[in-house]
Structures are given as structure tokens and as C-alpha cells.
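Undergrad: The annotation domain 'Cation/H+ exchanger transmembrane' is assigned in TrEMBL to 37-422. Annotation source TrEMBL lists domain 'Cation/H(+) antiporter central' at 488-621. Residues annotated as domain 'Cation/H(+) antiporter C-terminal' in TrEMBL: 628-790. According to TrEMBL, the feature transmembrane segment maps to 24-43, 91-108, 120-142, 154-178, 190-211, 223-242, 263-292, 340-366, 373-393, 405-427.
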Amino acid sequence: MAVNITSIKTASNGIWQHDNPLNFAFPLLIIQTTLILLLSRVLSFLLKPLRQPKVIAEIIGGILLGPSALGRNSAYMNRLFPPWSTPIMETVASVGLLFFLFLVGLELDIRSIRRTGRRAFSIAAAGISLPFAGGVGVAFVLRNKVPGADQAGYLPFLVFMGVALSITAFPVLARILAELNLLTTPLGETALSAAAFNDVAAWVLLALAVALSGAGQHTSPLASVWVLLSGLGFIAVQIWPVRPVMTWVARRAEEEGVESEAWICLTLAGVLVSGFATDFIGIHSIFGAFVFGLMVPKEGEFCGRLMERIEDFVSGLLLPLYFASSGLKTNVAAIKGAEAWGLLALVVGTSSVGKIVGTSVVAVACRMPVREAITLGVLMNTKGLVELIVLNIGKERKVLNDEIFAIMVLMALLTTFITTPTVLALYKPARSTNLPNQRKLQRSAASSPSSVVDDSQELRILTCVHGPRDVPGLINLIETIRFATPKSRLKLYILHLVELTERSSSLTMARRARRNRLPFRNPLRRDSPRDQVAVAFEAYAQMGRLRVRPMTAVSAMLTMHEDVCAVADEKCVSLLILPFHKRWLGGEVENLGHAWRAVNQRVLRNAPCSVAVLVDRGLGRAGSAREICVVFLGGPDDREALELAGRMAEHPGVGVTAVSFVSEGPNITLRPSEKKSSEERYTFSTAVMDREREKELDEAAVAAFRRRTDGAVKFEERETGAAGVLETVLGIGRSGRYQVVVVGKGRFPSVTVAELAGRVAEHPELGPVGDALTSSASGVVSSVLVIQQHDVVHSEETPVSMVLNGEAKVIDVKEEVSG
């Protein structure tokens with residue numbers, strides 16, 4: 001039954017006045033939006049292990065909501081997505097699309113594209129030309145085979161098909177590169193530059209296609225010419241009058257800082273006006289928003305501030321509506337019979353082969369390795385949002401019918417879906433493999449028990465930071481270490497860890513860094529948390545006259561440890577400091593989540609140097625005079641902790657107490673076990689160790705520590721069993737006398753630590769003693785520093801059994817086994 005949309009009211013009077021909210025525009029839009037967001041988020045969560053971009057989940061969600069799946073139920077469609085609601089939802093979605101294309105324009109820096117030179121341009125030209133020609137060839141086949149396809153104009157149909165097959169979705173490609181940690185590699189930079197060329201060319205071709213499709217039977221053939229000329233005039237106006245004005249606006253906004261609301265509102269109004277102008281000309285309104293985004297200057301903080309103001313609302317709320325509206329138009333059932341599915345295979349094959357072959361051949365000619373060239377071709381075959389925009393415009397202009405539209409949507413979905421797994425199979429970027437002489441603090445004692453560590457060598461420390469709240473505690477910790485080394489011989493690297501999301505500002509920050517390991521350059525906002533981190537450490541460097549280099553790692557959580565380890569390897573650091581994933585703020589505990597804990601765990605397994613995990617319980621609030629207690633139970637990790645405490649003892653404002661536990665117990669051996677371990681158990685190494693040699697090294701380390709501190713340290717030696725050790729250590733942490741308690745992780749356990757292996761762990765990555773001090777039920781008030789000495793032997797996890805007095809006793813623990 002036909003419905004007059006002008007008779008539809010916006011809001012209902014409520015159920016108590018016998019109004020059904022689903023019969024009114026705004027309540028129905030709320031329900032539709034909620035359903036779309038929930039479904040897209042669920043699908044995104046399910047596809048996350050496959051490392052698919054969010055756009056895949058949103059496209060699939062739209063298809064499921066449409067006539068291909070749930071829409072087969074007419075009651076569902078008529079109630080939740082009635083025909084009269086389609087124009088309303090599409091209007092709201094179009095507003096989101098308009099501002100999203102403005103964001104795409106903000107992401108594209110024309111000057112950086114120009115700097116990439118002929119190589120990227122040649123690759124992009126080949127990546128467009130061959131699939132465009134293939135698309136024209138496929139168009140001839142589709143017009144002959146698909147019923148009703150010949151109703152559209154010949155030239156517009158050919159151009160739309162050519163554009164649809166040759167386009168590369170720049171926003172989706174950037175997010176795939178970010179997810180694969182390739183965004184700042186040479187391959188990623190080439191792919192982005194070529195995709196940027198491709199994107200600009202695609203919009204020009206799309207404008208041509210729209211202009212041609214607007215010339216119908218009742219319009220003059222010259223109309224398309226006038227549309228194209230008007231479009232060129234619009235671009236000229238944007239380049240000359242508008243661009244200088246936006247440069248002036250950006251400069252004024254940066255000068256006014258937080259008082260720049262008026263300039264941001266003016267810019268957003270400019271997006272709407274530009275969209276109206278191109279729609280008035282006869283080109284789609286998104287073209288105007290895209291070009292206007294290109295005109296906004298990319299330097300400075302104004303561009304980043306614009307992104308942060310609009311990206312969450314646009315990408316998180318409005319854009320999924322556009323995918324849903326596309327899905328509601330997509331009816332997979334329209335692809336009937338083997339011939340139709342064969343046409344789908346033809347379209348997918350032509351698009352993929354044309355893009356991959358065209359791109360890779362020219363890339364090889366530009367002296368790129370064959371494997372990288374093929375990978376680049378696969379990346380350039382990414383479709384997604386931009387493809388859907390082209391297809392939707394084609395359907396609106398009646399150039400594409402239902403069957404061809406469904407075929408092309410599935411083509412976009414399939415080509416984008418296979419990109420990530422294909423790239424993972426083809427390409428793995430090489431990492432730096434520096435092999436510096438020093439990988440730990442306690443260097444010489446390992447080779448000569450009687451030697452003394454030479455502090456004249458340069459000490460390099462890498463400190464990771466999650467956010468501004470980590471800064472005070474980390475600065476106070478570093479302050480206690482630096483006095484042991486001449487100021488000119490201490491080099492401090494600060495690595496701010498930023499989670500890479502699909503937000504435009506996150507991607508822009510990653511690309512501005514150029515490489516994941518370069519220092520901060522042109523931060524997006526002066527008052528942003530990441531800039532506060534850099535400013536705080538730079539101020540500390542100036543006051544302490546230290547060499548400090550702030551850096552950033554913008555990475556997906558799954559690959560962030562690779563960046564951390566790569567920086568530690570490249571910079572040849574001896575100590576890597578990680579903040580614990582929990583923070584104690586007053587009486588409350590702030591948990592950053594399992595993802596950050598997993599990052600720490602992976603760094604501990606893969607770090608090329610010694611690692612210290614700081615559990616901060618108010619260290620940042622400590623005064624200049626600090627008390628530190630180091631617990632020594634024996635083993636390589638504890639020797640490293642003792643070495644660090646010896647350096648701290650040289651600070652005039654730090655008092656150090658060393659407590660050494662001597663235990664004589666049964667001979668305990670850890671062996672591999674077939675029984676599977678639990679996530680709540682500790683990890684140990686079963687590497688073959690000479691216990692007598694280890695005892696000698698422990699005694700030598702203690703002797704060297706006492707000689708080095710020369711009475712400046714209070715040294716206590718206690719003899720007790722495992723249970724007594726734990727209670728004593730917990731008593732030290734609960735006393736409140738010490739700001740920091742330093743312990744070794746104990747991966748190569750002494751007899752005392754091995755006896756603690758059966759405890760149920762809360763934080764197994766910290767070892768038995770560190771976990772006991774960090775446990776939420778421990779009552780400990782001191783901050784804790786857990787040290788793991790670097791071991792060159794690769795480790796894997798496996799269950800172990802403990803052999804006590806010759807009798808095997810299997811315990812459920814994990815083990816780090818030498819590989």
C-alpha cells in the first residue's frame with residue numbers, strides 16, 4: 001500500500017494515548033539505529049580474530065538486515081523497515097556520509113602525495129587502468145546476460161562498471177595496514193600513496209560518471225559538458241579563494257586554542273555548503289565535502305581537532321546507517337542460477353586479477369621485490385565503503401539494476417575480506433636484528449664472579465608509558481637510577497604506547513610519526529594526553545640535564561609488543577621499564593584491562609633486554625627522600641634486581657635495605673609434564689642449570705653489591721623456609737616504611753621460590769614473590785618493581801613437574817622451556 005510520506009508524523013503521543021511508536025518517523029529511526037549498531041558490533045567482535053576491518057562487519061550486517069536474510073520475513077520488514085522509512089534513514093545516513101568524506105579529505109595530504117614521486121603515481125596509474133579496462137569488458141558481458149541491464153545508458157554503464165572495479169578504498173586500506181602493523185613500513189607507505197592517487201582519480205571518474213548518468217532522454221546532450229565544466233569551476237574556487245581562507249581560519253583557531261569553537265562551526269558549515277554546491281551542479285554532494293576536506297591545512301593542530309570533534313559521532317553512529325541502507329537494497333536472492341553466480345565469479349576474478357597484475361607488474365618494474373609487489377597488488381584490491389558509495393549512486397541513477405547491484409556488493413565484500421589473510425600469508429616485514437654487547441644491567445658477573453660492573457659504559461633505558469598518570473611514578477623511579485651513571489652516559493628513551501583504532505585521528509597520528517619509532521612530531525593537540533607525556537619528560541630532561549628522546553608506538557594491541565621489542569632492540573637498551581596494567585589511585589584500583597596486561601606478557605616473553613614491571617602504589621607522590629628494599633632469594637632475576645638496587649643506593653636521597661634469604665632445603669627439579677597447565681599458574685624455566693655455579697654467582701653478586709655500596713646499604717641476611725619468606729616479604733610491603741620493594745621474577749627459581757610454585761596466582765607474569773606483593777588481598781602499600789633478567793634462549797610454555805627428594809610430584813604450573 002502506497003504511503004504519502006508527508007502524512008508521516010515525527011513523534012508519537014505515546015502508548016497511553018494508543019499511539020504505536022513504530023508508526024512514527026523518529027521513534028522508528030531510534031529502533032532502526034539501535035538494531036543496526038548492535039548487529040554491527042556483534043559481527044565486528046566475531047570477525048576480530050580474523051583481523052577484518054570494521055567495514056566488513058557493517059556490510060555483512062546491512063545484508064543480513066535486508067531482503068537477503070531477515071528481510072525475507074515480510075512482517076519484520078513492514079514493521080521495522082517499512083518503505084516509507086527508507087528516505088528518512090537514507091537522509092540521516094547521507095549526512096553521516098557527507099562528513100565521513102570530509103574526514104577522508106582531511107586524511108589525504110596532497111603535498112605528501114606529491115612527495116612520493118613517480119613510483120607511486122606509476123603504480124596507481126597501472127592499478128587503475130587495467131581493472132578499468134577489465135570493468136568495461138565485463139560491462140559488455142553483463143549488459144548481454146543480465147535481464148534489464150541494457151535499460152541504462154551505454155556510456156554511463158561502462159564508466160560506472162570501470163570505476164567500480166578499479167577503485168581502491170583509501171580509508172579501508174589505511175585501517176587494514178594499521179591492523180597488520182604495516183602502516184609505517186615502506187610497503188605501507190607505497191600502498192597509501194598509490195591508494196591516495198587512486199582515490200583522487202576515482203572521484204574524478206565518479207564525477208564524470210554522475211555527469212554522464214544525468215543526461216537523460218529529456219535533457220540536452222550538452223548537459224553533461226556543463227556539469228563537468230561547473231565541477232572544474234568548483235575545484236578552481238576551492239583551490240584559490242577557499243584554501244587560503246581555510247589556512248587563515250586554521251591559524252586563528254590555533255591561536256585561540258580552546259576558544260576556537262566558532263572556527264570549527266564555520267568549517268563544518270563549509271562542509272554543508274560545499275556539499276550543496278556540488279549537488280546543485282549535478283555532481284553528488286559527497287564530492288564537494290571531499291574536496292573541501294582536501295583544502296583544510298594538515299599541519300598544526302586544527303585538522304586533528306576537527307577529526308576528534310566529529311569522527312566518533314560520524315563513524316560510530318551515522319555511517320553504519322549507510323551500510324544498513326545499502327544492505328536493505330541488496331538482495332542476494334536476485335542472483336539466480338549458475339549463470340548469475342558465474343557472472344559474480346567473473347566480476348571478482350576480473351577485479352582481482354586486473355588490480356593485482358596491473359599493480360605488481362609496474363611495482364616490479366620499479367625494482368620492488370616480487371613478493372612485496374604481489375602483496376602491494378593484493379592491498380590495492382581493497383574495496384569497501386568507497387565501492388558502496390559508487391554502487392549506491394549508480395543504483396540511485398538507475399544505471400545498475402538489483403541483480404548487478406547485488407553482484408557488485410558481494411564482489412566488494414569478498415575482495416576486501418580476503419585481503420588480510422592473503423597479506424599475512426604473503427608478507428612479513430623484516431625486523432631489526434641488532435646484537436649489542438649489553439642486554440642486561442648485571443653484565444660482568446655472569447662471566448666472572450669476582451668482577452665489578454663498569455659504570456663508565458653508556459646506560460640506555462627504555463620506559464613505556466600508557467598515559468599521563470604513569471609519568472610521575474616513572475620519573476621518580478628513573479631519578480633513583482640516574483645517579484649511578486654520569487649524566488652524559490645515561491640515555492633515556494620514552495615510548496608512549498597508543499592503541500591504534502579505526503578513528504581517523506589515530507591513523508593520522510600514526511602516519512605523522514612516519515615510522516613507529518620516530519619521536520613525536522607535530523602532536524595533534526597541545527592539551528592532548530600524548531603531548532602531556534612528551535612535555536613532562538622533556539621538562540624532566542631539562543631540569544636533570546639528561547638526554548631524553550620521546551617516541552610513540554601507535555599499534556594494534558595484538559602487535560604492540562613487536563614495536564616495543566623492536567625499539568628496545570634498535571636502541572640497544574639494557575633495561576626496559578613497563579607500567580603494570582593496574583594503577584592504585586588513592587584507595588581505588590584502576591584496571592586498564594586484559595589487553596594491556598597481554599601486551600606486558602608478550603613483551604616479557606620476547607624482550608631483547610632485561611625488563612622491569614612497575615606496580616605503582618603512589619610512587620609519584622613520594623618526596624625526594626625515598627626508602628627502597630630489595631629482596632634477594634637467588635637466581636639470575638634476583639641478581640639483576642640486586643644490581644639495580646646497587647645503582648639506586650648511589651642516590652644521596654635514597655636509602656636502600658637489602659634482605660637476603662638463605663634457605664637449605666631438599667633438591668627440587670622442574671621437569672616437563674604432560675599435564676596441561678592453567679592460566680592461574682606461574683612460569684618457570686627448565687633450562688639445565690648448574691646449582692653449584694648458580695650458588696657461586698649468587699654469593700659473588702652479594703659480595704660485589706656489598707663492596708659497591710660500602711656500608712651505605714643496610715644489609716640483612718635471614719634463614720627461613722618458603723612460608724616464612726613469603727610472610728616476611730609481605731610484612732616488608734605492608735609496613736609502609738619503603739616506597740618501593742624490588743624483587744626478581746624468579747624464572748630460574750631457587751629452592752625457596754620453587755616451593756612457592758603451587759600457589760594459585762593472580763598475576764603469574766610477575767612470578768611468585770612479585771605476585772604475592774601485587775595481589776589485591778595482600779594489604780601491601782609499597783610500590784613493587786619486578787625484574788626479569790634478559791635470557792638469550794628462546795622460551796616456550798609447557799607444564800612442568802617438580803621432583804622432590806627423588807619422588808616426582810606433578811604440579812599445575814607453566815614453564816618457560818629452552819627452545
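Cβ from N, Cα, C; glycine included.
Mind mapping these onto the model and telling me what they sit next to?
TA: Panel annotation: around the transmembrane segment (24-43), residues 8-12, 54, 57-58, 60-62, 64-65, 80-82, 85, 88-89, 92, 317, 320-321, 323-324 of the same chain, lying at least six beyond its termini, place a Cβ under 8 Å from a Cβ of the stretch.
Residues 104, 108, 112-113, 116, 119-121, 123-125, 127-128, 132, 156, 159-160, 162-163, 166-170, 173-174, 177, 182-183, 224, 227-228, 231, 282-284, 287, 290, 359, 363, 368, 376, 379-380, 382, 386, 390, 393-394, 397, 399, 511 of the same chain, all 6+ positions outside the transmembrane segment (190-211), place their C-beta atoms under 8 angstroms from a C-beta of that stretch.
With a threshold of 8 Å between CB atoms, the same-chain residues lying at least 6 positions outside the transmembrane segment (223-242) that come near it are 207-208, 210-212, 214-215, 270, 274, 277-278, 281-283, 287-288, 291-292, 294-295.
Within the chain carrying the transmembrane segment (263-292), a Cβ under 8 angstroms from the stretch's Cβ atoms is held by residues 94, 97-99, 101-102, 104-105, 203, 206-207, 210-211, 214, 223, 226-227, 230-231, 234-235, 238, 242, 246, 249-250, 252-253, 256, 302, 305-306, 309-310, 389, 393, all 6 or more beyond its ends.
Here the transmembrane segment (340-366) has Cβ contacts under 8 Å with residues 119, 122-123, 125-131, 133-135, 137-138, 141-142, 145-146, 165-166, 168, 190, 194, 372-374, 376-378, 380-381, 383, 403, 407-408, 410-411, 414-415 of the same chain, all six or more residues outside its ends.
Using a Cβ-Cβ cut-off under 8 Å and counting only residues 6 or more beyond its ends in the same chain, the transmembrane segment (405-427) has close neighbours at 50-53, 55-56, 59-60, 63, 68, 142, 164, 169, 172, 176, 179-180, 182, 187, 326, 329-332, 334-335, 340, 343-344, 347-348, 351-352, 371-372, 374-375, 378-379, 381-384, 387-388, 391, 394-395.
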Undergrad: Cβ pairs under 8 Å only, please: of the recorded stretches 91-108, 120-142, 373-393, which one is richest in them relative to the transmembrane segment (154-178)?
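TA: Ranking 91-108, 120-142, 373-393 by Cβ pairs under 8 Å to the transmembrane segment (154-178) puts 373-393 first.
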Undergrad: Under an 8 Å Cβ to Cβ limit, what residues of the same chain, 6 or more beyond the ends of the transmembrane segment (120-142), are close to it?
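TA: Residues packing against the transmembrane segment (120-142) from afar: 113, 149, 157-158, 161-166, 168, 190, 193-198, 201-202, 205, 343, 346-347, 350-351, 353-355, 357-359, 361-363, 365-366, 376-377, 380, 404, 407.
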Undergrad: Tell me, what is the mean pLDDT of the domain 'Cation/H(+) antiporter C-terminal' (628-790)?
TA: 82
